[in-house]
Amino acid sequence: MTDISIPAGDDGSFSAYVAKPAGGGPAPGLVVIQEIFGVNQVMRDLCDAFAAQGWLAVCPDLFWRQEPGVQITDKTQEEWNRAFALMNGMDQDKRWTTSRPPCRGCARIRIAPAKRVGRLLLGRRLAFMMAARSDSDANVSYYGVGLDGLVGEAASITKPLLMHIAEKDQFVPAEAREKVLAAVKGNPNVTAHVYPGVDHAFARAGGAHFEPEAAELANGRTAAFFKQHLG
């Protein structure tokens, strides 16, 4: 478990936390996209948990152009304010390109010779964008904030996408949720689950809206999904 540096290909390099499975042999690569709090302990623990299941987990720092090395929590209003400022100040297209190098080259960054690569997004829109725009083998989206602005790309999703949506998400109005579900309905590559009665970040261990039963169900589905599509 370590931090590495990855060339961005445009204007520098960024760090990423890497958790490798035991044994050191080939393993499917999993790019874990951070929440708005940076590559903090929650994200590192999540990567470690995936590595324990046999995945090569990489969590890139998406805030590196603004403020490298952000690690904050969701425990105070000041931290929330800082997190939202970072998120709102980010160039979404560059955020997308930052997530591509780890996905394209888990072998190239000399961690391990990855066989297949997937993405897990804890937060907003990136997994949906990657499913529509990239060559990653499988993508998982938690919570789905802002997806209603991407429904025009739903028909472009040709790789497996699993979506976990909170019914009572304070950041996703019911109208927006239904718009997204209608857009992906009928696409055989998309599986969407709505979790009744839970709020945003219901799967964030230790978070204010953590719901153990819903989290266990969602995380179990995620593990099975990646096992099916990444091997």
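Including glycine, each Cβ sits where the backbone N, Cα and C put it.
Copied from Swiss-Prot, the annotated features are:
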type	residues	note
ACT_SITE	Asp169	active site
ACT_SITE	His200	active site
Helix, strand or coil at Asp169 (active site) [DSSP, three-state]: coil
Collapsed DSSP category at His200 (active site): coil
Rounded distance in angstrom between the Cα atoms of Asp169 (active site) and His200 (active site): 4
